[in-house]
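Listed in TrEMBL:
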type     : residues             : note
BINDING  : Asp63, Glu64, Asp174 : divalent metal cation binding site
COMPBIAS : 1-11                 : compositional bias 'Polar residues'
COMPBIAS : 13-23                : compositional bias 'Basic and acidic residues'
DOMAIN   : 57-280               : domain 'RNase H type-2'
REGION   : 1-32                 : region 'Disordered'
Amino acid sequence: MKISEETNGVDSPSKDEFAKEKGSNAAFIPPSIDTATPEKSKYFHTTIAPDVPKDQPFRLGVDEAGRGPVLGPMVYAVAYCPVDFDLTNFGFADSKTLTAVKRSQLLEDICNKETELGRHVGWSVQSISAKELGAGMLRQYNKYNLNSQAHDTTMNLIQKVYDSGIRITEIYVDTVGPPDTYQQKLQARFPQAKVKVTKKADSLFPIVSLASICAKVTRDVQLDLVRYLLQTQDWGSGYSSDAKTTKWLRSSVHPVFGWKGDIVRYSWQTARDILEVASSKTSSPSFIHVDWHEEKSAPLNFTPRKPSAKSRSWFGTDFAF
């Protein structure tokens, strides 16, 4: 295994190396992932087979993976297929009932243009890295909150499908925030389609379940690859409530530079507490307090005087030196 001096990690793994790490005979790495930098933001789109007409009505679903964890990117996905193409025959009724292996197999089938599923389904993903999420949320001014980033990402993904020539007539979305408000927003942006925004959309609409699989498999493999590249211990589910995750965060943090790999969301309170707060209960590593010293400019010394006729200001306001 070759060590990369630049990243202080290992080089991009081959499929066989990754499979060995995962303890399986085969490992599917989706084309939506850059194996060299899996933690970075990335856009990916693949469309239907050339012989499937684009001018027929299509339905499109939207879902995400990784909105809540303190580790890893947030991944948004859209998936689309002809309105008359029945997805229930392929097991897309409810993605949450599927095992990780089954989800991976379904996405692998979608990526195979020799299958009926692969020929009739197109999909896109946008990974928003932990670094990019934090950069928006931690702005000093005009903070870019998580809901706004989610809404903008969704609309950009849908627009790119339209730009590719696909005639979308139905849009189904798993809600972010109040569903009615979000539906009105999307309907105004895409008046050419019928928009439905609701909670638990992935269990109601197979096309949203398909999008959920694209997002979740992409994110799961991203995290596995990053952990492999960093050669680090198991970090659990990535949620702040997971003891394995918080244990990894505490044991892996550098007191000044934080965590390697652009994998931790510094905008999450859990990460900020671990990085910034020195606790008497915290063992190694010890935390360092940074004093950002700012030089104070010398005070302005002036003596106010009663204005004279010669010291009248512009626009009728008195001033005197």
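Along the chain as shown, the residues are counted starting at 1.
Every residue, even glycine, has its Cβ placed from backbone N, Cα and C.
Quantities reported herein were computed from a predicted structural model and do not represent experimental measurements.
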Average model confidence [pLDDT] within the domain 'RNase H type-2' (57-280): 91
Cβ-based neighbourhood (8 Å from the centroid) of the divalent metal cation site, residues Asp63, Glu64, Asp174 excluded: Val62, Ala65, Tyr76, Ala77, Val173, Val176, Ala201, Asp202, Val208, Ala211, Ser212, Ala215
Count of other CB atoms lying within 10 Å of the CB belonging to Asp174 (divalent metal cation binding site): 23
Neighbour tally for Glu64 (divalent metal cation binding site), based on other Cβ positions within 10 Å of its Cβ: 24
CB contacts for Asp63 (divalent metal cation binding site) [other CB atoms within 10 A, all chains]: 27
